[in-house]
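Notes for the one structure printed next.
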Amino acid sequence: MKLTRRSFLKASAAAAVMTAAGINPKDKSLFSTANASNEVDKWTKAPCRFCGTGCGVLVGVKDDKVVTVKGDKKNPVNKGFLCVKGYSLGKLMNATENRLTKPQIRRNGRLVETDWETALNLIAKKYRKYIDNYGPDSVSIYSSGQSTVQEGYVLSKLMKGAIGTNNLECNARLCMASAVGGYLTTFGKDEPMGCYDDIENADLFFIIGANMAECHPILYARVVRRVRNSDVKVIMADPRETRTHKISDLDLFMKPGSDVALLNAISYVIIDEGLIDEDFINKHTHLKQNGKEINLDEFKSFLKDYTPKKAAKITGLDPKDIRKAARMFADPKRESLSLWTMGVNQQVQGVFINNAIHNLHLLTGKICRPGSSPLSLTGQPSACGTAREVGTFTHKLPAHRIVANKKHREEMAKHWGIDVDKIPSKPSYHTMAMFEAINRGDIKALWVTTTNPAQSLPNFNKYRKGLEDVFLVVSDVYPTETTKYADVILPSAMWVEKEGVFGNTERRTQHFEKAVDAPGDAKPDLWQFLEVARKLGYGDLFPYKDHPEREIFEEYRECTLGTGKDLAPYDAYRQKRGLMWPVVDGNETARRYVAPDDPYVKEGIEFYGKPDGKAIIYARENKGPAESPDEKYPFVLSTGRVVEHWHTATMTMQVPELKKAVSETYVEIHEDDARRLNIRSGDIVKLISRRGELELKAKIGGRGVPQPGMLFVPFFDRKRLINLVTIDAVDPSSKEPEYKICAVKMRKA
Ligand SMILES: Nc1nc2c(c(=O)[nH]1)N[C@H]1C(S)=C(S)[C@@H](COP(=O)(O)OP(=O)(O)OC[C@H]3O[C@@H](n4cnc5c(=O)[nH]c(N)nc54)[C@H](O)[C@@H]3O)O[C@H]1N2
Ligand SMILES: Nc1nc2c(c(=O)[nH]1)N[C@H]1C(S)=C(S)[C@@H](COP(=O)(O)OP(=O)(O)OC[C@H]3O[C@@H](n4cnc5c(=O)[nH]c(N)nc54)[C@H](O)[C@@H]3O)O[C@H]1N2
Ligand code: SF4
Ligand SMILES: [Mo]
């Protein structure tokens, strides 16, 4: 490991990352589109369409075609670099042969092409009929962290303000909900206090449950660059070895689902060895266990169940490594930055693990200063901007408001010019419950936009019937697993075929203009929503005319002012490379909760999400996963990603280089298990869980190596649906599914 680390770091950071990100730096083919040309009519700026990093892209357009894309050197996120997916955006925009270009409706069981008027009238007629006959809760919309801010705002207004139902959810439930739960419970407000600039200021990176090399390559590049300074250390906590480990100084290959035990043990050592910042703890925190206030001594005695020795039994780690990790993290000379993603969030203990990560920062006071922060990495390009900030969840209202809060409902009712009673005060269904309600027939109509649930929901066998029976509208850009079940398919414009705003991990709100026309009759999602809203008779609430994207954004912006997530006027985003909210008096905020950065804080640090300005250190027990391996199902199955593909790969499979690089999914197996079961790389094996089964190729060694007893399957392959096997158990508070852990057996097929 160390040798690779040294040689990895010796290469230029950019080249190292490109290799980790699957790009051969010498291969220029991806960097230009099929009809590449040096001549362009215009360049427009946009955030990348893929991950939540939010890299800046310059889009070169000629004759209404994207002819080239390049990294935007002026964008502080990526300073001109892009990963393999960012570079492929040009090809993606030109790969129109498989695009949906005409609306379709189902007639006598078959999907047939139609015109927009017929398709939209049908949707309005059905939605109206169900609302009138069965009430507003009989209809629903399932949206996305890839929807624009404007799309999300209109959906919220349509569902909550016009129709009067909280049946609005989005795929960020499958992704960021546990991170939201962590920030909310610990700090009283959602979203990170830190920013990417913390990477250049950190001396210790604690990367837990994140494969940054493949999933956040440009942030990984920034970490790699920082790590080349030999004093900077990296701790990796992941049960599986990944490309990200190339920079690791201390590997914690703990048992899947033992994160809380590991983190509690680190807290134990921090307190036991006197590495805490007692002044910080007294001034800025209080402690809680099971809803009751406790003091530091009581917290200490709670942690006695997690001494490194005891935790070693749960995690399978060497107690010495746990101590070492604690000392490295808490070293007063170091600024410590925690980074995590789905390895943490996608567990039934997701919120507790988030709390336990925050604890490390609160115990040591390593927070709210350059280089020290708990920075949760966001998955989708606008999971923050749209899903979390606008709030396209059942329990939320725009600008971090919640439906259960009377004042929040009143504020939004006033803002929307509606009767406050229109907005139901109780959340209805979180995502998995919504699909259960669809199964039961309680929800009769579902509109899916910018997400592909038939491939991405866990335990899909259970939810198929519902999708077959419900009146299903799907807005997408390609035919997908989900469009198979559709009654209406709406061909949609994507990325720079429309105008919008995304919000990334570091609270940076970024604008993109329409650069080219969508192919065929494809239309922007926003236009679709507004048309149907008007056809449903809510035209008065949606009066936007000349420039809907701007008018909607300004309307949304107004309700962010004074809430702590203040946005700037639309034109500021058109000009700038994004701004980090809160933006007050034209100034963005790099770090929240601390003066003078945060305009909401007068002096020092104040966690103003809590009434007393103090964050909470939680005593959280380690309970483990919903389904542990046993004699019958002896393996832990984990699922996730590869750098070349985006989720269900509808888009990345259109780019020949990406398709060729990884054309089908596989199961990673540790060599000891493979030997024992006489399985070789390339053999077809069968994975069987209590819920479903799947045949796929075995892979031993390579970019990911799970620990013995663990298997890992990327979920991008629509021909081999691993979500027939996964479990739909959810975290009891965030309702995020446990994609990372379920029990399976494996045999040669
Ligand atoms: N190339 C690419 N990039 C993407 C995406 C994509 O589809 N493709 N999607 C974006 C989105 S929406 C998201 S959410 C992010 C996801 O980004 P990541 O979370 O980084 O990616 P995953 O592969 O889902 O899982 C991360 C790691 O969790 C580990 N893990 C499994 N079980 C456990 C456990 O019990 N504990 C811990 N600590 N770790 C565990 C796995 O071994 C894996 O290495 O990526 C974003 N970026
Ligand atoms: N087994 C397993 N399953 C998982 C996960 C896991 O780790 N393991 N991770 C979960 C997570 S974190 C996430 S975020 C989800 C993601 O799951 P999904 O959201 O279902 O996956 P995507 O492929 O991103 O789906 C986006 C869809 O929108 C379409 N699209 C693209 N642009 C536009 C547009 O502008 N308008 C419209 N209307 N459509 C557009 C694309 O073609 C695609 O079909 O998957 C979850 N599922
Ligand atoms: S790191 Fe993410 S945002 Fe940046 S280019 Fe790659 S996919 Fe796009
Ligand atoms: Mo995600």
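Every residue gets a Cβ built from N, Cα and C, even glycine.
Listed features, source TrEMBL:
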type: DOMAIN; residues: 41-97; note: domain '4Fe-4S Mo/W bis-MGD-type'
type: BINDING; residues: C48, C51, C55, C83; note: [4Fe-4S] cluster binding site
type: BINDING; residues: K85, Q146, N171, C175, 257-259, M342, Q346, N452, 475-476, K498, D525, 639-648, N723, K740; note: Mo-bis(molybdopterin guanine dinucleotide) binding site
type: BINDING; residues: F715; note: substrate binding site
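Averaged over the domain '4Fe-4S Mo/W bis-MGD-type' (41-97), the predicted model reaches a pLDDT of 96.
Distance noted between the C-alpha atoms of R641 (Mo-bis(molybdopterin guanine dinucleotide) binding site) and the residue listed as 'substrate binding site' is 7 Å. Using a 10 Å Cβ-Cβ cutoff, H645 (Mo-bis(molybdopterin guanine dinucleotide) binding site) registers 25 neighbours. According to its DSSP assignment, H645 (Mo-bis(molybdopterin guanine dinucleotide) binding site) is coil. Ranking the binding-site residues C48, C51, C55, C83, F715 by the distance of their Cα atoms from the Cα of K498 (Mo-bis(molybdopterin guanine dinucleotide) binding site) places C48 first. Taking C48, C51, C55, F715 as the binding-site residues under consideration, the smallest Cα distance to G257 (Mo-bis(molybdopterin guanine dinucleotide) binding site) is found for F715.
The two recorded residues K85 (Mo-bis(molybdopterin guanine dinucleotide) binding site) and C51 ([4Fe-4S] cluster binding site) have their Cα atoms spaced 9 Å from each other. Comparing CA positions across the binding-site residues H645, F715, N723, the one lying closest to C51 ([4Fe-4S] cluster binding site) turns out to be H645. Cα-Cα distances to the residue listed as 'substrate binding site' place N723 within 10 Å, out of the binding-site residues C48, C55, C83, Q346, N723. On the backbone, the CA of Q346 (Mo-bis(molybdopterin guanine dinucleotide) binding site) and the CA of C48 ([4Fe-4S] cluster binding site) stand 24 Å apart. In this structure, the binding-site residues C83, K85, K498, R641, F715 were compared by how many other Cβ atoms lie within 10 Å of their Cβ, and the smallest count belongs to R641.
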